[in-house]
Amino acid sequence: MATARQGENTISPEAIPSNLPSRPTVLVFDSGVGGLSVYDEIRQLLPDLHYIYAFDNEAFPYGEKSQQFIIERVVEIVNAVQLRHQLALVVIACNTASTISLPALRERFTFPVVGVVPAVKPAAKLTRNGVVGLLATRATVQRPYTHELIARFATDCQILSLGSSELVELAEAKLQGETISISELQKILRPWLRLPEPPDTVVLGCTHFPLLAEELKAALPDGTRLVDSGAAIARRTAWLIANLDNPPLSTDKNLVYCLAITPKVATLWPILQRYGFDSLEKLPL
């Protein structure tokens, strides 16, 4: 049974002999637990890989942090993991970190680094009324990269952006087992809901938001389509893994790294087990 011991930096089940086959190691990173939505898509497509999930609960959330801080922090964390494990591929499952840190990561490391971007292009193709909502953090909504995506792929649509850090907190709360109020979501979505023609397609531009998909569907008008980039990231990961030349292999069990063992993290452990992880450790930087 998994236990959390005060003063220790590890949460893990009792030791069980492992006869796992050798397989490539994929690191999935996010500032919080939203990246689990991306990890879950990848794992469904590629169930036999060795997975490490790392989240920066010490500096969460990234939305209000400076670009320089995010670049240095993400590079430092990925480096700390790769010093302990031979990585075949890294997925930055955080929109904010992806739009900022990918060039630095790709310059520093030789393994492929995959990022997530708001699914503006597929949403523009799916919309029926030409009105697309972009639901993201305020930082993602404001970034030039997001504006470039819209200008490139959605010129024929009306894009209505809505930035919300509250939804990130609600997604984390849901994963902790809390019930999310639909009326609270409707207050956040009010700028869209009071329009004569609200978006019929909504881009979930933060990896936390797919965790709230059921609640968002209940809060939005009937028939609203939700679009995220998780499945596309999974397909990209599968293609890259298939085309790697002699990737490093591991027989380790799936592992989660956090930056601080806290009571909140300890309560996450049963949930992380359901996602297929076998241990949770503090990552020393």
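Keep in mind that glycine also has a Cβ here, set from the backbone N, Cα and C atoms.
Per Swiss-Prot, these features apply:
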- C94: active site, proton donor/acceptor (ACT_SITE)
- C206: active site, proton donor/acceptor (ACT_SITE)
- D30, S31, Y62, G63, N95, T96, T207, H208: substrate binding site (BINDING)
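Features recorded in Swiss-Prot, as mapped to the structure shown.
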residue : record                             : DSSP (3 states)
D30     : substrate binding site             : strand
Y62     : substrate binding site             : coil
C94     : active site, proton donor/acceptor : coil
C206    : active site, proton donor/acceptor : coil
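Put simply, C94 (active site, proton donor/acceptor) is 6 Å from T207 (substrate binding site) when counted between their Cα atoms. When the Cα atoms are compared, H208 (substrate binding site) and C94 (active site, proton donor/acceptor) turn out to be 9 Å apart. Counting in whole angstrom, C206 (active site, proton donor/acceptor) lies 12 from Y62 (substrate binding site) by their C-alpha atoms. Sequence-ordered, the extra residues of this chain that approach the substrate site, with Cβ no more than 8 Å from the Cβ center of D30, S31, Y62, G63, N95, T96, T207, H208, are G32, G34, G35, P61, C94, A97, T137, V168, C206. For Y62 (substrate binding site), the Cβ neighbour count at a 10 Å cut-off comes to 24, with all displayed protein chains included. Here C94 (active site, proton donor/acceptor) is positioned 7 angstrom away from S31 (substrate binding site), judged by their C-alpha atoms.
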